């Protein structure tokens, strides 16, 4: 790096310069110097920084160039970085490999510099997928599947399974290329595409599938060892022929458990050795497959001599005899063979023998006649059989005998399990799993977005060709009875596919042994890491303990759980029983991969831009349908069980899991479904049968943005029971720019309270210049489309007589008018703090409805809805209606009972007669005091003099307004300095008013006569209150018709007094004002 250089302005370097390397180094040094000098002040010499001639100001100059060119954005640099710095961070992004790198660094005892991954498509994706796909089923069961299902149906089975994995790989490639794939593989892709609920459920299914795959590989390893390598190593020996199968299962359990413990210790101690041996295991698989093809080619011109002994058309097990004949000619005489001794009671020619043995001849055929033999035509069709039936050769003559007792000691080859098409699909499918091995290594790839699709699809094409060609070649080379001989009993206990291989059967036996052993180790390595990733995501709380491990990140606890689950599969002990279990889990995982791709494609999410272009939602949907069909084809009860497990996990995460926002497709699907539903319900109001209160709850907040009346939300929950729309609204006074922080805090407080009260709904908070306007805005604009509120719930302003109250009576009355104008129902809860919480239960009591006027039937509906909740369930419903003098009370009661009967509402009915009588002196006095107070409030002005006079007057009349008036902010005493906009006319009027010596505005207060209209209204309120108190004083809740405000706004304060008198003395009151439309109907 040069030590001295010249700084030139940015504009002067437009030509690029001659020594770009020197300039780049200079810029880097300048940047370092600028970082080192951060926080120091520039010299205040007054010169512009970019024109400073001093060389030691290079860092200042470099800093100033950014400021000069980007000064318009300098205040946003903290939150919005420069594009250059963003691109620099993206260019230096690296993916750490998953777990193994950290383990090796810990083992080596040094921290190496993390290098960029160098694995390409072939090493990183193609070969791992090849190794995971080609496995134990190919070596141990594929020949048996071909023999039982025939070449055609076996071809169909393999084609269906390979098509399923190919469609899944296409969907997976689209997901994997839609952005950077971190080290996390398939679980990461599913969970980030379908959300935490589906991600956790499918992730655990994938984990269980991988774990049971480990059990299947271990069982395959032990089967190869005990059946084909060292049969004498069996610990438990069978005493009879019938007990051989049971003894074999016990041996599998013992050896399988020991092998599992050994493998778990290897994974725990040295996982890096497992990964380094992966290439050796892969080499075993490749050599075995090459040996199979070489053996097939050899059979075309030199078929191997592998004799198979038949008795009639039944296959014989070659374990108790050597010569396939009844008699052996020697020295011009014949002697019975060992086979004779197995079927007869003595070695003499006249001995009593098995009837079928006596009637049929013993023949010997070639077990592997070769490709050119034409045996393919005999193996085209299926030969399904029940358990315990003879393995018989087609088109071979035999003499049938009456049904004999099948002696267990006769050397026949029998089927060990019942075979049918769907069962074979379940056993075969695990042989095509493993397609996600490449995506699981995404952290090690040089270019994951290119390598994962290419490598995975090529691996599936390769393995599909291998499987399909093997099916045809097996059917063309091997005799049908040998194909159906699962354990090679007719071949003296040798592996069928091994006898086909060249140069030696041991190539297949040893190769398959090591490949299945390695696959088991790989499963025990990968499954704990998958569980650890799920646990560390925190979406399933009870699994969080499995996110911890050793200091180097190895998942110790997850490995322990994996070993325990794997032991469950080993205790099953049968490869044919374990295979369908893991088929279910893998099929479910693949189904949701296809679902994720289809959902993202159909939603056309803006972020859905995969680099892999050869996908379509129809292919993903077809793959999903095929996976679902295969699940039920394999085993309908296993499929239901797997779906039940996934459903339980889904609901558990939804109910208890941590909330995660991953931008998943299911959320986008919900938004599209909501949009579709909103457009459907946009037109017109709902029918009366569908009407339910969609509530806008108006909450008031204190100075710390906490809810004043939490019981209002309790009442909402009891009324709604989680059904319909609930909008919880509130208003903050001020401007949004100044109050946005308080608004956020208030919204958080409301949401937390909604969670505590279990109120399911939306929160909408408005910042407005006045509470009145804010409430009006909420009533007009809350909701969206057809999902708008039709009912407003608010608390009664308890301190409405105090003029300084922020929620004054004027706001309340105007809100009542707004709801009436908007044709919305209004519920006003009086004494709301006395209402019950959700945890309380009323063991007895009444809900009294006072039906004075009919405004839509909401009064009838509300008690019914409340009684659906546990709080009010045991309360009785009583309906009171008021009869005038001219009404027939008896007929009214009958009509009301019939009306309630048709409404399907059970309630006690009572008609209350209100007898007309003279207006009492108490009513006159109450009205007079109300009007005097109204006049006092109207006389309030802004000048100091009149406020003081009014305060003195109110104090003399023992009102409660003195403290409020005395503490108001003092205004200037001179009228011409009052803080308001003055006109000339106002100024003259104010001066003239101040010169008046008397109190003419207040003298008339003592000579007022009450307005007759107010007297009548007060009389009604007093009378109705007395009637309600006489019958409903002990009721748990009283519902009353709420009278509307007066058309003349001058009587608003009187309206509040009427409502106060109407509800005086009652504990819990719900004033109900209907919207005018019918909300209940007698029709179904």
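Glycine is treated like the rest: Cβ placed from N, Cα and C.
Taken from TrEMBL, the feature region 'Disordered' applies to 1-53.
According to TrEMBL, the compositional bias 'Low complexity' annotation covers 23-46.
Annotated transmembrane segment per TrEMBL: 120-142 (among others), in sequence order.
Taken from TrEMBL, the feature domain 'Amino acid permease/ SLC12A' applies to 125-301 (among others).
Counting same-chain residues at least six beyond the ends of the transmembrane segment (154-177), those with a Cβ under 8 angstroms from any Cβ of the stretch are 145-146, 186, 189, 193, 421, 424-425, 428-429, 431-433, 435-436, 439, 442, 448-450, 452-453, 456-457, 460-461, 463-464, 467-468, 471-472, 475, 587, 590, 593-594, 596-598, 600-601, 610-612, 614-615, 619-620, 622-623, 626-627, 630. According to TrEMBL, the feature transmembrane segment maps to 154-177 (among others).
If you look up TrEMBL, you'll see 198-219 (among others) marked as transmembrane segment.
Per TrEMBL, transmembrane segment is recorded for 254-271 (among others).
Per TrEMBL, the feature transmembrane segment maps to 278-297 (among others). Tertiary proximity for the transmembrane segment (278-297) is limited to same-chain residues at least six positions away from its ends with a CB under 8 Å from its CB atoms, namely 127-128, 130-131, 134-135, 139, 304, 371, 466, 470, 473, 477, 497, 500-503, 507-508, 510-512, 514-515, 517-519, 522.
If you look up TrEMBL, you'll see 417-437 (among others) marked as transmembrane segment.
Residues annotated as domain 'Amino acid permease/ SLC12A' in TrEMBL: 419-696 (among others).
The transmembrane segment annotation in TrEMBL covers 457-483 (among others).
Within the chain carrying the transmembrane segment (495-521), a Cβ under 8 angstroms from the stretch's Cβ atoms is held by residues 131-132, 134-136, 139-140, 142-144, 213-214, 217-218, 220-221, 224-225, 227-229, 259, 263, 266-267, 274, 277-278, 280-282, 284-285, 287-288, 291-292, 294-299, 304, 306, 367-368, 474, 477-478, 482-483, 485, 488, all 6 or more beyond its ends. The annotation transmembrane segment is assigned in TrEMBL to 495-521 (among others).
The transmembrane segment annotation in TrEMBL covers 557-575 (among others).
Annotated transmembrane segment per TrEMBL: 581-603 (among others), in sequence order. Non-local neighbours of the transmembrane segment (581-603) in the same chain are 164-165, 167-168, 170-172, 174-175, 178, 186, 189-190, 193-194, 198, 202, 205-206, 208-209, 212-213, 216, 426, 429-430, 433, 569, 615-617, 620-621, 623-624, 627-628, 630-631, 634-635, 638-639, 641-643, 646, 665-666, 668-669, 672; each lies 6+ residues outside the stretch with a CB under 8 Å from one of its CB atoms.
According to TrEMBL, the transmembrane segment annotation covers 615-639 (among others). Within its own chain, the transmembrane segment (615-639) is flanked in space by residues 160-161, 163-164, 167-168, 170-171, 173-174, 422-423, 425-426, 429, 580-581, 583-584, 587-588, 590-591, 594-595, 597-598, 601-602, which lie at least six positions past its ends and keep a Cβ under 8 Å from the stretch.
Summarising model confidence by region, the domain 'SLC12A transporter C-terminal' (828-1084) averages a pLDDT of 69. Positions annotated as domain 'SLC12A transporter C-terminal' by TrEMBL: 828-1084.
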Practice task
Mark yes when the transmembrane segment (198-219) and the transmembrane segment (557-575) have three or more Cβ pairs under 8 Å (sequence separation 6 or more) and no when they do not.
Solution key: yes
Handout entry: Among 120-142, 198-219, 254-271, 457-483, stretch most in contact with the transmembrane segment (417-437) (C-beta, under 8 angstroms)
Key = 120-142
